[in-house]
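Chemist: Shown below is the structure under consideration.
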């Protein structure tokens, strides 16, 4: 073990870490083993009288020696020299703006915030009353941060998981992984829900709203995609589909055109790309296991995430640099799922504790429950509901839709000369060389890969719907398939595909009769129905003796504890 050091301001070092009070030095009594506390010729001499002891600021005389000290706001860089402390390099010195000065610093607040009279280093929102909006699987609730009153927003959901909102219009969007749909509803009339996305969606753990360009983005961990559509579910596009394994949380910054997401697969990471899918890069690739939740601090321009396997909250800049560990707590972060931030706090949901917690977003200090533990069964995605979480910005697509025929998306802000917007095509359409115009993809309509028929209306308002042989086949035939031979080929292939599908369904049906139960396996739970592959157990090398099992009927009733099977009990 290292030898403890004596405090030179109050103690004398006899050697070997043996410390005695300074009052016992030069008192003509031996207290150290070899009499070091009574040095010959050094007692009663004030070394500070000679050139201030060589100290640049303060010289402090002691009975047998002296030491140098610094004024407030300075620190010793060696035993004699004092240097200004840059408090702005210390996280949390100021809530927002920080300006270093000689021997001190000043704090400033962004527009819309004011300095807290009780602590001038803190910034408080001038307007609005912040609340927490969170999904609870069977409903969606809101908690006021002023007086912690809880109100119900949407009732009788099956498995509400991810959610987001548009503060300007008071509309909330959420995914239901049992219904396999995305819904929307007015926040003050939550039961007047309508379906936004209903087909070709499996398990959406993450959902985010672009409140400036009016699109929703979502992750699908069943299809391993990130997709987008407008607020009505039209103009749908798969934005990211390669090298995704378990995409989960999603966060957007439409002010700068960036999208961030987590992936807790076998190669866990946090990635970002433009909201048009360009400039994709991994920003966190080490010391990350189960990055369940993700949120953006739009003021400080930082990414925050929770890791349910490592029991940590961490943060970094938008580009992954200046990474910091905010909090490590196997108790408070037993199995966190989602995180959000506002002012000086981070808030998160925890499956095991069945509660919402908060902590200082700079230091991780002052951990406290916002709700009583075990009060909120199955807490899922959480958001702070406040106008400052969705600041106003310019919609560069507003004028003539950015000259795009279909989708106009924000492009990432790489530098001052970066384009602000990017044109894109919905599924089954392709872009012409002009980079503005989408047309029907002839290759798509004539291949057997996916038998899809696209119905075109006017050029300014084109809605595309994707159907396959597996669901909702349609008899509408594209004009380009007049040729009877092509029709015969397509019909023949479709018939073969249907026969194959029927055979596979028959095999699965026989297996179902054998087992008489469909199992649900939860590792880092995602409501994934498994049959033979036992995907989640093999993926994380979990012992087969502790799967999370329940019948399909029971699954909607049972609380989702989500305990880590790897953890010691």
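Using the three backbone atoms N, Cα and C, a Cβ is placed for every residue, glycine included.
Whatever TrEMBL says is automated annotation, not expert-curated.
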Chemist: Can you say which of 438-461, 462-485, 486-509 is given as transmembrane segment in TrEMBL?
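Modeler: Based on what TrEMBL states, transmembrane segment spans 486-509.
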Chemist: With a Cβ cut-off under 8 Å, give me the same-chain residues at least six positions beyond the ends of the repeat 'LDL-receptor class B' (170-213) that come close to it.
Modeler: 133, 135, 140, 142, 152-164, 219-223, 229, 231-233, 236, 247-252, 254-255, 259, 261-262, 275, 294, 381, 385, 390, 392-395, 397, 408-410, 466-467, 471-472, 526-528, 556
Chemist: Sort out the sequence-distant neighbours of residue 14 (disulfide bond) for me: same chain, 6+ apart, CB within less than 8 Å of its CB, listed by position.
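Modeler: Looking at Cβ-Cβ distances below 8 Å from residue 14 (disulfide bond), excluding near sequence neighbours, one finds 20, 31, 32, 33, 34, 36, 37.
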Chemist: Residue 32 (disulfide bond) has how many other Cβ neighbours within 10 Å of its own Cβ?
Modeler: 18
Chemist: Which sequence positions outside the repeat 'LDL-receptor class B' (214-256), separated from its termini by at least 6 residues, show Cβ-Cβ distances below 8 Å to it?
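Modeler: For the repeat 'LDL-receptor class B' (214-256), the sequence-distant neighbours (Cβ-Cβ under 8 Å, at least 6 residues beyond its ends) are 162, 164, 166, 171, 173, 175, 182, 184, 195-198, 200-208, 262-267, 273, 275-277, 280, 291-296, 298, 303, 305, 318, 338, 381, 391, 393, 406-407, 409-410, 412-413, 424-427, 463-464, 466, 524, 526, 528.
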